[in-house]
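Now, the feature entries from Swiss-Prot:
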| type | residues | note |
| --- | --- | --- |
| TRANSIT | 1-18 | transit peptide |
| BINDING | Gly439, Ala440, Lys441, Gly442, Cys443, Gly444, Lys445, Ser446 | ATP binding site |
| REGION | 1536-1564 | region 'Disordered' |
| DOMAIN | 1705-1887 | domain 'VWFA' |
Amino acid sequence: MHSRILFKGTAAAVAARRIRHILGPLMSKEGWNCSAHEVKLLNTSSGDTVKIGEISYVLKTPKNPELVPVNHMMEALPQMVTQHLRWIMQKDLLGQDVFLIGPPGPLRRSIAMQYLELTKREVEYVALSRDTTETDLKQRREIRSGTAFYIDQCAVRAATEGRILVLEGLEKAERNVLPVLNNLLENREMQLEDGRFLMSAHRYDKLLEEHTKEELDAWKIVRVSEDFRVIALGLPVPRYKGNPLDPPLRSRFQARDIYYLPFKDQLEHLYRIGANVSAERVSQLLSFATTLCSQESASLSLPDFPVDNLPSALTVLNLFPMLSVQQLVQRLYPYEAMLGKEGRTAVEGVLNRFELTDGSTKPSPTAVVNIEPVNGGQAEQAAVTLNITNQKITFQVPSGTRPIRPPNSSPTFINTPTHERLLAEMMQSHLVKDICLIGAKGCGKSVIAREFAEMLGYSIEPVMLYQDMTARDLLQQRYTLPNGDTAWRASPLVTAAQEGKLVLLDGIHRVNLGTLAVLSRLLHDRELDLYDGTRLLRFDRYQALKEELQLTDQQLQDRSIFPIHPSFRIIALAEPPVIGSTTQQWLNPEILTMFLFHTIKPLAKAEETAVLQGMIPNVPGEAVEQLQHLTHSLRKSNDPTALSLASSLSTRQLLRICRRLSQYPQESVAHAVHKACLSRFLPSLARSSLEKSLANCSIEDHPDPASEQKQLYTCTVKDGLLTIGNVSAPVYSPDEKMKVPDVLFYENVQHMMVMQDMLKDFLLGEHLLLVGNQGVGKNKIVDRFLHLMNRPREYLQLHRDTTVQTLTLQPSVRDGIIIYEDSPLVKAVKMGHILVIDEADKAPTNVTCILKALVESGEMILADGRRIVSDALEAAGRPNAIPMHPDFRMIVLANRPGFPFLGNDFFGALGDIFSCHAVDNPKPQAEFAMLKQYGPDVPDAVLQKLVAAFGELRAMADQGTITYPYSTREVVNIVKHLQKFPDEGLANVVRNVFDFDSYNKDMREVLISALHKHGIPIGAKPTSVHLAKELPLPDCKMTGYWTISQGGNTRRKLLCPTETHRIDIKGPVFLRVQSYPSKRHESRSLSFTEEQAHWQIPMNEVNIVCDVTTAKDSIYVATCNPVSLYAMKEKGDSVQCIELYDIFPRTISGVWQPFVSVAALGNPLQDQVVLHEEQGNTVLHLDLVTGAVRRLILSQDKQDEAPRKTSNWWNSKESQPGYKMCKEFAHKNWLLFYKENGNQLDVVDVLEGQVHTIHLPINLKAVFLVAEDRWLLVESKTDRKFLLTKPMHMGAEETGVCQLHAISEDAVSSGFGNNSGMEAVSPQEVSSDQLSNENLSAALGQKIVSPNRILCDTNTYANVIVGFPDLMSPNELYSFRRSLPITESRRPDMFFGSSKRTGPAKRVNCVCLLDANQVVRALPPTQVPLAEVYPKDVTPPMSAAYLEVTDLNSKRLKYIPVPRSNSMSPYTVWISKVSDTDVVMAPLGSGGVVTVDMGGYVRLWETGLDHLQRSLLEWRNMIGSEDGRPVQITIERDSGLDVSSPKHGKIDAKNAPHVGGNQWAGGTGGRDTAGLGGKGGPYRLDAGHKVYQISQAEKDAVPDEVKRAARDMAEQAFKQRLKEIEMSEYDASTYDRFSGAVRRQVQSLRIILDSLQAKGKERQWLRNQALGELDDAKIIDGLTGEKSIYKRRGELEPELGSPQQKPKRLRVLADVSGSMYRFNGVDGRLERSMEAVCMVMEALESYEHKFKYDITGHSGDGFDIELVRCDKVPKNNKERLKVLKTMHAHSQFCMSGDYTLEGTEHAIRELAHEEADEHFVIVLSDANLERYGISPDRFARVLTSNPQVNAFAIFIGSLGDQADRLQKTLPAGRSFVAMDTKEIPQILQQIFTSTMLSSA
């Protein structure tokens, strides 16, 4: 088992080795030179001789005996070691240099030292690291009293003095450093920097024969001693990490494999140590260790077991024989923390094999019971008593120099059983070795280490490690003395070693292993050689040396030899290695040998609660409970997303949350969690996962408090007290006023909330971290915050090249002395200022992590040897300590993590030591208010548009549709521009922001569509005004009179009795008011038309719109299948909907189709409407705010009527009479109801709650409320008209009687009273108010003042009745006649042929706009003179209707087409009953109408002329008045200059036009003389002629033939490309259908992949270069004149032996089952899946090295249908189309059935076997899981069955809420439901961006 060697030697060598092992002890001496050798020391006259076996070596007396290693020999030398020593002696006698190679551990060094001790040789030891340079080996310059001179370094010293040079860690040194030694090794020659030349002893002695020593000295030749040898120690590199040996270097060494000691020797050694432990356990332990070091375990990539640490483990076991071996193994080899699943199973298997799994049965120590100091002896010791299974065992451990503190006496440390046990275990390890604590960030490593130190009376020396730390930073740094001499300063680590402190190496996982290697000798042997030649020895060796040489301490110190204090110990703190990642495997075999490891497990729930409540006694208990529930549910999850969230909720973060809740108990826990996780900037998956976890733990997410407490967010400074919102703090009075920032800041609610939050945390003493997109005002908020608090600030901006040095001190050279200037950080710490660190994410996280020590412990070591300490008392006694000012705080600003900022993940690395605040763009209202302050003169409409458009763009950026997050900064810049140059158009100014994207086609499309949607006419020209064509209106003629009868006898007859009773109200019932977002599009984005805006109501396709009405700025739409009401604001962005199908059942015994009218009530009943169902005469009153529905029952006698016979109003031949509602005066809260052919009117006063019923002597056809007290009635059958006058107030007069007057109509020709008059026509619409006098005069073409009404009927465009209804004299009727009357029937229907309907449509669609003097009707295209509207060769557009606008002011007629709806209800006949056209219409404001078509599309139109003119002006302003004049550059000169060349020119007396000619004044288009439109003239001079000007458009235009040529060229290339891939044009267009649909997602994915690739290729600093930028760390070396003191950026080659970057592995599992094909017609699911597959193929094209993907299908035929193989991905469009065709064909012809579950299981299983960086499975399925009897939790189990494989499922939504239910049961962030199949590509993009790319 031990014969495995680490080189692939020849088979023969292996065999020989094995046989030697087996036969070694039996063979005779000469057989193998391997018999038992002995080491003898012989004293002879010629000096002492050492004999090993038969080889002897004569000792020489060392010149410097203190440099000879002492105390290294083992008591009993194992045979193996003796053989190694004998071999080294052979090589030494031959004068060869040796290389001891072998696995990591101290054995090789120990053998070398033993040999040197044996042969009494002086040693020069160098630990090579990646920072070693040539100067460390040869010569270093130092400055003494102003001159630089050279000091020999180890190699030169060893060569000249005849010492042995021990080089350890050859694989660590950078390439090309060691070849410096090549010549010294080979020929023992070397040229030195100071001009001397080392020459081998042999040659030197030859020269001496010819020359004198003086001559050689003059030639600067130095003799190399013949005793000089090199012993190199190194690791074999292909197996371990490091640089391989240079072949020329390798050839100069003789190698010897130093493997672990043989089993037998090792066993004997362990038996001696662990006398109390049963022999069997010792041998099992050793067998276990040896197994893990074997070649086989290396192939499993398990790191080697640190065999060399077994003795220390046995020391512990010897004291505590009852301990569990398995737990000890964990300390030596923490396999659970560092290995993946396979590795863990392998290790546990071996443990079982050797019966070592006794972790559960054997006890572990439970607590430290007592600690007391032990007196006597030189070293401080403490007796520690541990409690283990109720036995108390006491043992002695080293202790510190401070007084010992008994356990459990610390006020700040809350003890929990876990921690007590951990401390007890650490005591055991402390007995033998240094400790390393492994635990996640924020779990209390530092706290435990400090508690441990205090218990043992240690002083702590924290050493913060960072990534680009060098070996010098760890051990010794150079500095200059005041006189300019260079000197070395020991690092804190070294001083701590001498003083016996406890060093905390914080962040050992960050530092480079090549640097850490310099500590291995300190950790293993407690010895250290420093750069200036100082040596530190282990205490016992130092004592031995002192006694042997009889020297005093002082003498030894003069020879720079110092002891290491026996109490000195190191505790390393590290985060666990990331299992499976390639980067962070810091726990390698080398480090395993250095420490004993203790992992800190996350606390159990009860213990953590105890800690939280112990630390913060007054925190609300319920909050803690909720937090704990959430945190532990996240930690227990095996979902990587959940675990990453859990890491944000570390114990430290929980303590912070609790501290805050204890101060502000009214805050919600959800808010705190969102803040801690920074949920605003999480990828969408993680955010949904977090929200789901919060919901599962029933943590309520309270609504945004901003809406509730608007009035609270103000800030005031009063009597030295600052109040923000409801938090107050005293204002600071600083010494330095000038450093307090003062900034232009406009307050808004949202920023005040952030500041209030910041103030809360600030008062709690937290350091703050503000994270947000660019330009959201982080800097402004902070400056404003500090301004309000009156705190001075120091400002530090980080960038890519920030180093730890620049963060703390800036070195500079002055007069040859290095001066350190304090950075803002140090100043802020000293003075108590606030340090603002900007752009923190730009600096590498390894740099910024030094802030951690500063925040956490308030300690930090500066480059010049000073240190910051938190405790002022501690600083008092120490000269170089800077006490941290109590007022010092840090505020860090960073951009949001992740794409597109590409910063470093500052939040991920350091987020939990700051209190985090997400800063977002202000909410629309807040942003609007703020912009208003920046641009007070910019019109509100423009600001609203900007705010809305940018709001939408930001939402898109959050979803990942666009990559750049547009911020407030951009909008503010636009507004500032508009404020200063108001004439520039908005459309032009926004280009300042969007021109960045003008070359990216997809991006440009998205932007333009978003801007157009909000009415920013980017791209429109001032000429694109497309208003409808105007036609002349026929002349206005007086056509007749209306006379109101006054006859006395008829008057009595026509009195109408009225009665009044209360309304019977049933209800209310409360229905849900649902709010849907409306995608409101401004229509005037590219051209100016009458249409203002349009949007779609979210209604079902089969629903039918049957009425629309408006009130102020609200629009109400009623639909009748099912009955629902939609309400929206004219400018709003949401639609409220109440569905009333519970109240109107679909049928009452038959096919009953409801038909609804709606009336909007006025003040004080705003937002309330009355719905009237015309058949059942149901009247409902709805409150749209509360959702209350009440039924108003009008007549008492109607209720007991028998149910009517069933009918449906669109089938019966005889139209069933319906009930009608007149709503002209609904805004006054009264309505009138009547029944067709009935003879009574019901007047409902909604406010009073009364009904007045009026009985009439006639049967009604129609009622028009022409005034509040005068109503026009039309009699049915005869169409005769009557005027009903009523007293103004019902019931005010006793009579309460209404009078009815008949109206006679007369034609113009005959005289009065002649009843032969005109035939009676029923009017369609009569206005309820009169035209203003100007409008009336304009309409009739004569000045006139009179009451009037507009009346519309089918024969005329409009009629004006002058004098009606107030004057009793005959009223004149003026008409604008039509040539053809409007017919009332629709054309035969396209689908259903000519289903004739009887009677007119229900909706007349005629509106009178009195202010605009217009009548607007909606007409079907058949009724429109299209030939006159459109030119001959233009085909009229397909339209739903035309709006006919009759303008009585301009006497013009316009026809405006209303675009067709996208979707049409199948119930065409029913629709034809509603309206003659496909729209219904209502007036909107005073100059416009709103139309709603049958597809539910709402359009707003502006028809009034003055409205249109005003809008056109605004629109032109928005485009900007680029009037085509060339821009002139004018330089105004002072008059003193000679202006001769431009002249005024001659004045022509005749003033004839002159064009050009450089002669006449007042010309046009010339040069040099004054005139218009020319160039170079002195000024403009207009002589009144037409200006000849080339139009700007013409100048800019590209000639047509050029355009044509370009188009042909593109087409040619396209065809050529198709030909190459043999694709037909039809195929190309088919493929384009799929690829075009996902082009945008593909684009954005590729952008992200590219940038990731770029980020991965980011260059690193290469140090020790001969050119580049000066490296701060090397300034002193620069002073002394060294060459390689520069650093430059370069590609860092990956270290050899570091694992290869493997590609990520993706499998897409597409559903190609029959149902996909079957339901494709419904929602296009198959096509969407094909698009998704197309997207994967296109996005990952040419990234095959990073993503290996394949695509398989699952259907009823099986679960593994191959579509794309990962080794044969489609290369071009043809191959991709083939894949898509296969999918389509398969789903068309496959069996039914569902294999989603099996397919997913199979894919996950198969992928897990493959080698990859990460594994992803994405399942697309329309699985109706319940139908196939699959329970969702089974599916959930499959998705998470293998933690290595990230599986996601996208369900194509199916019936009802099934998909949502499914999503609730499946793990969060793992399953998506695409109810709308268009979302599939977006979801896929989300998955890609948030997971694959998080770690790429």
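Backbone N, Cα and C define each Cβ position, glycine as well.
All protein chains shown were included, and the count of other CB atoms within 10 Å of the CB of Ala440 (ATP binding site) stands at 20. Sequence-distant neighbours of Gly442 (ATP binding site) (same chain, 6+ residues apart, CB-CB distance under 8 A): Ser650, Thr651, Arg652, Gln653, Asp912, Ile913. Counting other Cβ atoms within 10 Å of each Cβ, the binding-site residues Lys441, Lys445 show the lowest value at Lys441. Each of Leu573, Glu575, Ile600, Ser650, Thr651, Arg652 belongs to the same chain as Gly439, Ala440, Lys441, Gly442, Cys443, Gly444, Lys445, Ser446, is absent from that list, and has a C-beta within 8 angstroms of the C-beta centroid marking the ATP site. When other Cβ atoms within 10 Å of the Cβ of Gly439 (ATP binding site) are tallied across all protein chains shown, the result is 23. Listed in sequence order, Leu504, Asp506, Leu573, Glu856, Ser857 are the same-chain residues six or more apart from Ser446 (ATP binding site) with CB atoms under 8 A from its CB. The highest number of surrounding Cβ atoms within 10 Å, among the binding-site residues Cys443, Gly444, is found at Gly444. In the three-state DSSP classification, Ser446 (ATP binding site) falls within a helix. Looking at the domain 'VWFA' (1705-1887) alone, the prediction's average pLDDT is 80.
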